[in-house]
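Here's what Swiss-Prot has on this protein:
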type: BINDING; residues: Gly35, Leu36, Pro37, Ala38, Ser39, Gly40, Lys41, Ser42; note: ATP binding site
type: ACT_SITE; residues: Ser109; note: active site, phosphoserine intermediate
Amino acid sequence: MKKSNNNLTLYKGYINREDRERLHGHKSFVIWFTGLPASGKSTIAHLVEKELYKRGCSTYVLDGDNVRYGLCSDLGFSIEERKENIRRVGELVKLFVDAGIIVITSFISPFKEDREKVRSLFKEEDFIEVYTKCPVETCSLRDQKGIYKKAIKGEIKNFTGISAPYEEPENPEITIFTDIDSPIEACQKILRYIKDKLKL
């Protein structure tokens with residue numbers, strides 16, 4: 001999408017990210033979940049948020065389906081529209097992190113290039129990519145929405161894992177084998193990583 005920012009000026013206020021982090025009592029960062037549909041992204045993301053909330057952290061979960069009800073309601077599922085979806089989400093997450101909030105996202109985000117563009121918006125220590133790795137057969141079996149069946153029948157076009165590709169992350173900070181680890185085990189693994197890396 002073409003930018004039209006020739007006459008714009010980035011305004012900086014009196015309060016910065018560090019001020020907001022002090023107010024919240026912790027660092028802000030993003031936990032970016034990526035993986036096939038029904039691989040466990042949203043379930044684990046909300047468990048992580050629940051545990052961080054118990055610890056007094058200011059958090060927010062951005063979920064792929066929810067975002068498409070509002071911010072990205074004008075987008076379909078073509079390759080270009082999927083790329084624009086992730087671009088918008090990346091910019092939104094950047095604002096949340098600047099506000100001093102821990103942002104947890106749950107998006108298929110199937111293309112490596114798009115994930116790397118989002119990563120480039122942040123300092124290295126502020127971006128934690130979590131890959132929920134799961135065989136497509138297992139995802140299909142646990143699919144409560146019935147979307148895999150529709151995709152296999154051809155009723156849903158450009159469905160990731162069936163009729164559209166998913167490019168696996170090469171070096172995610174965390175890989176969760178969700179056909180082996182339970183959601184609670186996955187949540188604890190992520191919390192240990194956060195504690196060790198960010199001294200939360």
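Quick reminder: no glycine exception, Cβ is built from N, Cα and C everywhere.
Around the Cβ of Ser39 (ATP binding site), the same chain contributes Thr132, Lys133, Cys134, Cys139, Thr178, each under 8 angstroms and 6 or more positions distant in sequence. Following the DSSP three-state reduction, the secondary structure of Pro37 (ATP binding site) is coil. Excluding Gly35, Leu36, Pro37, Ala38, Ser39, Gly40, Lys41, Ser42, which define the ATP site, the same chain contributes Phe33, Ser106, Ile108, Thr132, Cys134, Cys139, Thr178 within 8 Å (Cβ to the Cβ centroid), listed in sequence order. For Lys41 (ATP binding site), other Cβ atoms within 10 Å of its Cβ number 28. Here Ser109 (active site, phosphoserine intermediate) is positioned 11 angstrom away from Lys41 (ATP binding site), judged by their C-alpha atoms.
Under DSSP, Ser109 (active site, phosphoserine intermediate) is assigned to coil, being neither helix nor strand in the three-state scheme. Here the Cβ of the residue listed as 'active site, phosphoserine intermediate' has 27 other Cβ atoms within 10 Å, regardless of which shown protein chain they belong to.
Cα-Cα distance from Gly35 (ATP binding site) to Ser109 (active site, phosphoserine intermediate): 7 Å (rounded to the nearest whole number).
The DSSP secondary structure for Ser42 (ATP binding site) is helix. Sequence-distant contacts of Leu36 (ATP binding site), defined by Cβ-Cβ distance under 8 angstroms and a gap of at least six in the same chain, are Ile108, Thr132, Cys134, Val136, Cys139, Thr160, Gly161, Tyr166. Of all Cβ atoms in the shown protein chains, 26 besides its own fall within 10 Å of the Cβ of Gly40 (ATP binding site). Ranking the binding-site residues Pro37, Ala38, Gly40, Ser42 by the distance of their Cα atoms from the Cα of Ser109 (active site, phosphoserine intermediate) places Pro37 first.
In the structure shown, the C-beta of Gly35 has more C-beta neighbours within 10 angstroms than that of any other entry among the binding-site residues Gly35, Pro37.
Proximity of Ser42 (ATP binding site) to non-local residues of its own chain (separation of 6 or more, Cβ distance below 8 Å) is seen for Phe33, Val61, Asp63, Gly64, Ser106, given in sequence order.
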